[in-house]
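Let me begin by presenting the structure, written as structure tokens, before commenting on it.
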Amino acid sequence: MAVATHSSADERHEQLRFVARVYGLRVLGLGAGALAVGAALHSVGASVVVWVGMLLHGLVWPHAVAWLARRSPQPQTIEFRSLIADSALGGFWVGCMHFMLLPSALLVTMLSMDKLAVGGWRFLARTASAQLIGALLGGLFNGFRVDLAAPLPVIVACLPLLVCYPLAVSTATYALVRKVRRQNHQLAQLSRVDALTGLLNRAAWEVEVAHEFIRAGRTATHATLLMIDIDHFKDVNDRCGHLTGDKVLRSVAAAITDSVRVVDVAGRYGGDEFGVVLTGVSIDDAMLVAERIRAQVEAQPSDPTLAEACTISIGAAEIDADCREVRDWLIAADAALYRAKTRGRNRSEAAAAA
Ligand SMILES: Nc1nc2c(ncn2[C@@H]2O[C@H](COP(=O)(O)OP(=O)(O)OP(=O)(O)O)[C@@H](O)[C@H]2O)c(=O)[nH]1
């Protein structure tokens, strides 16, 4: 229930951001539109009622819609309805302007552009019919006439809308594209990380191991793989519960991170097993690193509910002539880990030399 409430609050927040985005564009679009339509209405000699309606739509309506939307539990619904109303009213002014070609085409294009931007072709099709009906009603309301030619003052009055509105819509669209790119990047990063420990997850770690295997082969440099497994971890879970088990997993991950360099690649291989690639490090030096990790895990208090210190076993393997592919490297480190387990645990073992 709490989750549902949280997600609906998030959704409302997202909808309010949409309202804020549309608000700025609507103030600009309808404000500049009022100038173009006003010039055309003046040229066709529109009635006072038409003038009042047009000014209310151009100057008051954007603020009224935003006010209503912010107070509504469904701000986006209010926003979409008012976009349809914008189209109908836009059509109405086209009729009132006696279908004067330039301001009419400009109005229809700008209104279509933002419908496309927020709701695609389907939404545009829905609003187009509202616009058409509005145009017929506007024509009837202001004495139906077709007067295509626009005098120079009308042409000049169209310029602010013609220039500023597309620039504003493009700027808003570009900001959205950047946001989506940023979020995609964050998602890609998150999909590489193990949520419990913060280390790379298995899939991402294996990709890095394969890269390192190729790199070490190409540059003929050392690279050593450590496979690390918590001793009797099942007992920890059974005796102290899974939450304590999770704490132990996190503390082992922290010990690994503390003991290796940023260029080394640490990951959670699965369950209670971890892997680390030590780049440019020979097996002898890697054994010192392994010992440092082992000693830190043994020394650190993982959880007060654990009677004894938690320990780990480590198997280490350097890339050698026997490692024809990355799988051989993993198997060699795993075999060394198995030996550490069978030789009593809480120890590090190097893979047997070729
Ligand atoms: N708390 C917790 N436990 C997990 C998680 N993933 C796997 N496990 C447990 O980790 C335990 C792994 O135990 P085993 O691999 O069987 O071996 P072990 O008890 O560590 O014994 P040795 O490795 O032989 O020393 C299992 O009991 C799993 O349920 C996790 O994310 N959280």
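Heads up, the Cβ atoms here are built off N, Cα and C, so glycines get one too.
Automatic prediction, not curation, is the source of TrEMBL annotations.
Checking the ranges 123-144, 321-342 against TrEMBL, the transmembrane segment annotation falls on 123-144. Here the transmembrane segment (48-69) has long-range neighbours at 16, 19-20, 23, 26-27, 30-31, 33-34, 37-38, 41, 75-76, 78-79, 82, 89, 92-93, 96, 141-142, meaning same-chain residues at least 6 beyond its ends whose C-beta is under 8 angstroms from one of its own. Most Cβ pairs under 8 Å to the transmembrane segment (123-144), among the stretches 20-41, 89-111, 150-177, belong to 89-111. Sequence-remote contacts of a segment are chain residues at least 6 beyond its ends whose Cβ falls under 8 Å from one of its Cβ atoms, and for the transmembrane segment (89-111) they are 29, 33, 36-37, 39-41, 43-44, 46, 50, 53-54, 57, 61, 127, 130-142, 144-150, 154-155, 157-158, 161-162, 165-166. Across the residues of the domain 'GGDEF' (221-353), the predicted structure has a mean pLDDT of 92.
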